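Feature list (source: TrEMBL):
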DOMAIN    312-413  domain 'HTH araC/xylS-type'
TRANSMEM  38-59  transmembrane segment
TRANSMEM  71-96  transmembrane segment
TRANSMEM  102-121  transmembrane segment
TRANSMEM  133-160  transmembrane segment
TRANSMEM  180-198  transmembrane segment
TRANSMEM  219-237  transmembrane segment
TRANSMEM  243-263  transmembrane segment
Amino acid sequence: MAHFRNFPQFCFKKRPLSSFPTSSYLFNILVQQISRQVLITALLISGIIQGGFLAFLLLRKSSNQVPNRILATLIFVVMCHLSLICLDVRNLFLVYPHLSRLSWLLPLLYGPLILLLTQSISDPLFKMRPGQLLLLLPFAAYFVLLIPYFSLSAAAKITILANTQLVTLADFGWMNTLTNYLHLGFTACALVLFYQNLGKRSQYFSSSELINVHWLKEFLWLVFAIMALSVATFYARKYGIRYVSGIYPAHFLLVVLLVYWIAFKLLNVKATLTPITENPTGPRADPVEPTAKYAKSSLTDELTENIAARLSALMHSEKPYLENDLTIIELAARLHVSRHQLSQVINTSFGVNFFEFVNKYRIAEFKIQSLNPSNEHLSLLGIALECGFNSKATFNQAFKKLEGTTPSDFIRKSRGKVLEKA
């Protein structure tokens with residue numbers, strides 16, 4: 001907490017009369033302190049207002065309800081925390097003592113919510129389960145430990161808060177120290193989980209944008225950076241490191257910027273929250289599973305061949321791969337089979353995952369259309385987009401992996417062969 005201990009120390013030290021700063025100098029220092037407080041408070045309030053607007057928009061969305069609600073809850077917790085920081089900046093905990101130390105408790109919700117948000121978006125088959133309540137154990141433990149303080153009267157709390165030395169020792173005690181490590185630990189776990197699930201998503205989406213969920217990766221790294229800075233600021237203030245300790249509470253302005261960044265991404269990115277919306281009744285499908293893992297599958301060889309033949313016929317007749325947001329759920333529905341069955345057929349009969357399977361057809365279509373004279377007015381990217389790809393990077397990567405050359409080299413060689421035949 002930023003109470004009176006941050007006031008210029010020369011005001012409390014005994015000095016010769018001649019060495020005291022002039023009244024104008026003291027006045028300037030005071031104005032600077034007040035101006036800084038007003039500016040920080042205004043920026044924090046802007047973040048609170050933006051967060052409220054963003055949470056409202058998320059809760060109103062009818063699609064992807066679970067990720068939206070988790071993100072809205074996370075933003076609401078951030079709003080409450082920023083509100084407490086505003087009180088701390090203005091030294092208002094002495095006026096509202098019952099709100100003090102809630103700022104010790106609320107941050108314990110960040111880690112679980114960030115981890116759940118990552119799971120709900122990166123795991124195609126995410127479902128809320130009772131066991132996930134175990135993530136709230138640190139929050140519950142802190143709440144129990146803080147009950148004696150929360151039970152105190154307002155007068156008793158004011159007495160404690162007025163004791164600057166006691167408040168400082170408590171602020172930098174073991175509870176807030178442990179909170180720092182919990183923040184970093186939860187965020188690190190979320191990053192590991194995100195990268196682990198990238199391969200799993202390729203089993204269900206045909207677009208690398210939907211597979212990678214770039215905004216979530218950026219969000220997690222930004223959160224980790226802010227957490228790391230917060231920990232550094234904590235220890236700088238604890239040990240009185242010059243300059244660095246003065247960052248508090250300005251580093252919370254990065255949280256405000258993060259809220260605005262989330263709003264920008266939600267309003268400008270086409271597919272921000274993209275979990276599979278199916279409620280699966282069968283077992284979970286692993287990405288690119290070897291045949292041994294299907295030993296207990298109910299699919300017979302005859303049925304597998306039948307589905308594979310129907311799938312090939314569908315891909316040639318209806319060309320669903322031209323849809324850049326095609327998912328395995330939609331393709332399975334057209335074949336009247338379950339997602340799990342189609343996943344098994346693609347893995348065992350074609351030896352690839354869903355992402356690679358669809359992109360093979362898209363590349364084959366591109367090779368045909370790129371040599372079609374009627375498409376000469378289109379760029380290579382324009383033709384690729386017409387064939388189902390939705391970005392240049394995805395197209396180039398898939399083409400190079402399958403053909404062993406770049407699209408432009410392929411076109412140049414192919415057109416050269418056509419001219420030789422002519």
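Numbers run from 1 along the shown chain.
Glycine too: its Cβ is placed from the backbone N, Cα and C atoms.
If you look at the transmembrane segment (219-237), the same-chain residues 6 or more away from its ends with a CB under 8 A from one of its CBs are 114, 118, 172, 176-177, 180, 183-184, 187-188, 190-191, 194, 244-245, 247-248, 251, 254-255, 258, 261-262, 265. Under 8 Å from some Cβ of the transmembrane segment (71-96) lie the Cβ atoms of residues 1-4, 37, 40-41, 44-45, 47-48, 51-52, 54-55, 58-59, 102-103, 106-107, 109-110, 113-114, 117, 158, 161-162, 249, 252, 255-256, 259, 262, 273, all in the same chain and six or more residues away from its ends. Here the domain 'HTH araC/xylS-type' (312-413) has a mean pLDDT of 86 out of 100.
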